[in-house]
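Visitor: When I checked Swiss-Prot for this same protein, it listed these features:
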BINDING   Arg48, Arg54  NADP(+) binding site
BINDING   Arg125, Ser126, Ser127, Asn246, Ala247, Gly286, Lys301, Pro302, Thr303, Ser304, Ser305, Arg327  FMN binding site
Amino acid sequence: MAGNSIGQLFRVTTFGESHGIALGCIVDGVPPNMALSEADIQPDLDRRKPGTSRYTTARREADEIQILSGVFEGKTTGTSIGLIIKNADQRSKDYGDIMDKFRPGHADYTYQQKYGIRDYRGGGRSSARETAMRVAAGAIAKKYLRERFGIEIRGYLSQIGEVKIDPQTVADVTKINWQQVADNPFFCPDKSAVEKFDELIRKLKKEGNSIGAKLTVVAENVPVGLGEPVFDRLDAELAHALMGINAVKAVEIGDGFDVVAQKGTEHRDEMTPAGFLSNHAGGILGGISNGQPIIATIALKPTSSITIPGRTVDINNKPVELITKGRHDPCVGIRAVPIAEAMVAIILLDHLLRFKAQCK
């Protein structure tokens, strides 16, 4: 299983399983002499961790980060930073019934077929629990980008099921009310949509069902020049990183799929001496950042861990009916906002370091 690392100069490698002893990661390429402590990382983990609201899984994990290496007297040394989070609230007994059954819509079947063995407890390595370490590494990247280059990376939830926010609240990404986003459990910039999200999630929890979501990440103050054509284009690398998040089924940069209905006269981002007149491209042209806000949107599927019976097969390919036990999110998109922010931060810092190494 070789796909556990991302990045070239800023490189993140994660390890651990949902019901294992701990989760961890190694972060390579962090420049030296940056002030860093657990307090710089913990806030983003608190935004992602389970059990923080009635809209997410009831599993309770403190997700307390511990720095093992790479920091001396409060500053990064330029060596590998080791991070670890101890698991505490596993209930592996909830998964005894699926030891020999494949949960439909999950990675159980494909992991078993590929490796001939799998950790069935909460999905093991395929669980979104692993993303806690991506958020931890991303927090380091966000801090460096913010302090050294003024780059801000923030995300918001725009849709749950059929309920959408008012598009006017995000029409100009430079004027999004980020305090409103921070002040509600849905990371929602539209105050009027919060109540509708609340009603929908409550209804789904009563039904034992789940729903999908859409969220957007905005990176502001990104300099011109990030991205390595042709195969390491910035948009391609962002799409790769974001598609690697559990449950993500689609990625859009800028206007994304809406470009199909646009004409060239509408889509082209015309320029004047004062700058661009629009940002349909989402801040990237020819695979290189153009200095405008980078806008990336992802769609997440509804989790298949629901209490409504469903048909599947066991390891002997015999038909069985399955009810998923355990504690699960009715909408995984809610807690995915800090995860998506982290992945964008990891890619941007990696490309910024690559840009500095080659161009300036």
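Just so you know, glycine gets a Cβ as well, placed from its N, Cα and C.
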Visitor: Report the same-chain neighbours of Lys301 (FMN binding site): residues 6+ apart in sequence with Cβ closer than 8 Å to its Cβ, ordered by sequence.
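Guide: The answer is Gly105, Gly212, Ala247, Val248, Lys249.
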Visitor: Taking the Cβ of Ser127 (FMN binding site) as the reference point, list residues of the same chain whose Cβ is under 8 angstroms away and which are at least six residues distant in sequence.
Guide: Glu17, Ser18, Asn246
Visitor: When the number of other CB atoms within 10 A of each residue's CB is tallied over all shown chains, which of the binding-site residues Arg48, Arg125 has the maximum?
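Guide: Comparing the binding-site residues Arg48, Arg125, the most crowded Cβ belongs to Arg48.
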Visitor: Could you tell me which of these binding-site residues, Thr303, Ser305, has the fewest other Cβ atoms within 10 Å of its Cβ?
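Guide: It is Ser305 that, of the binding-site residues Thr303, Ser305, has the fewest other Cβ atoms within 10 Å.
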Visitor: Calculate the distance in Å between the alpha carbons (Cα) of Arg125 (FMN binding site) and Arg48 (NADP(+) binding site), and round it to a whole number.
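Guide: Counting only the Cα atoms, the answer is 18 Å.
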